[in-house]
């Protein structure tokens, strides 16, 4: 893999990743007349839910469903410059012009004497990852070599962003389909570098810690994976280094979790053997999703989400909060915090985490979508219309191998 960094006309970074080390030099300049990027990101603390909320008014101006011949992710051509100056590319990554998180970290400030209204800079970084220069493709259309390149790109970006001061968690994800809310149809994903540990991850870490306290020497992730393999009823793909299954309490109509057999905290720690097997298994999962509802249905909308262990937010040794006494909203963690003095408990919690990918669709049947209505949106209680065992059976039935 060859990596080349450059700058766009407004100062944002762009990084090209080529499959082969002998690829041509990436020297094309961004010739668009653009003012410097202006982004003001703020996070505010919700004291009732103990969560941080991003406030980013500038994102209202982001690109929304442009015509195909004006796609900002297609390679540039004469008379039509895009976000990617080169006339061709393998994978390109660039800073989002309308980021949810941007800039350097800062201290938490209070707007009231009781410290109920707390806010801080929405530090971090948001990147766009264009998986291919082919506008009409999808991730499922990539060959295994290209899919492996994307995996290596996710890994490289995780390494770089996790070393950025103030970043506590790196989240690689893809949204596909207008039903999901995608505003650009070109095959792409995003990466968010958060200035705090996200609520869902903090909750998982707390569950793992509580389980370990009840079962000394045990790990919740390991035991869940072992139980799914022992049952087999919800296993979709059983590979040498990866296992894909529908979770027992799936939230979505069709939801698959993909775990490496060897527990690792993040993409950086994956073995070469696991990296080599991943493209074939992941592409097969995506293609099965596209076959779920028959040829008369458009391609299945989905979200693919990598869950990685958080980092320490200081650009140094990795250390994260591991319990509800050191969560993103407490005084001992989050923006402007040093966390534990020695970091040892937090590093231990990080090592208990298991990297995994979550893939799910909001389509529950042909022509029918699963909306997050009153129970899900108001109470965070999911109602699943498809029994997980039935979903797993269907995903096995549409296998191509």
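Cβ from N, Cα, C; glycine included.
Among the features that TrEMBL reports, active site, tele-UMP-histidine intermediate is placed at 188. Counting every protein chain shown, 21 other Cβ atoms lie within 10 Å of the Cβ of residue 188 (active site, tele-UMP-histidine intermediate).
A C-beta separation below 8 Å, combined with a sequence spacing of at least six in one chain, links residue 135 (Zn(2+) binding site) to 68, 71, 73, 74, 185, 186. The feature Zn(2+) binding site is assigned by TrEMBL to 71, 74, 135, 186.
According to TrEMBL, the compositional bias 'Low complexity' annotation covers 326-335.
The domain 'Galactose-1-phosphate uridyl transferase N-terminal' feature in TrEMBL is assigned to 40-196.
The annotation domain 'Galactose-1-phosphate uridyl transferase C-terminal' is assigned in TrEMBL to 209-316.
The region 'Disordered' annotation in TrEMBL covers 307-346.
Residue counts of the domain 'Galactose-1-phosphate uridyl transferase C-terminal' (209-316) by helix, strand and coil are 41 helix, 21 strand, 46 coil (DSSP-based). There are 19 other Cβ atoms within 10 Å of the Cβ belonging to residue 71 (Zn(2+) binding site). Residue density at residue 186 (Zn(2+) binding site): 22 other Cβ atoms are found within 10 A of its Cβ, drawing on all protein chains shown.
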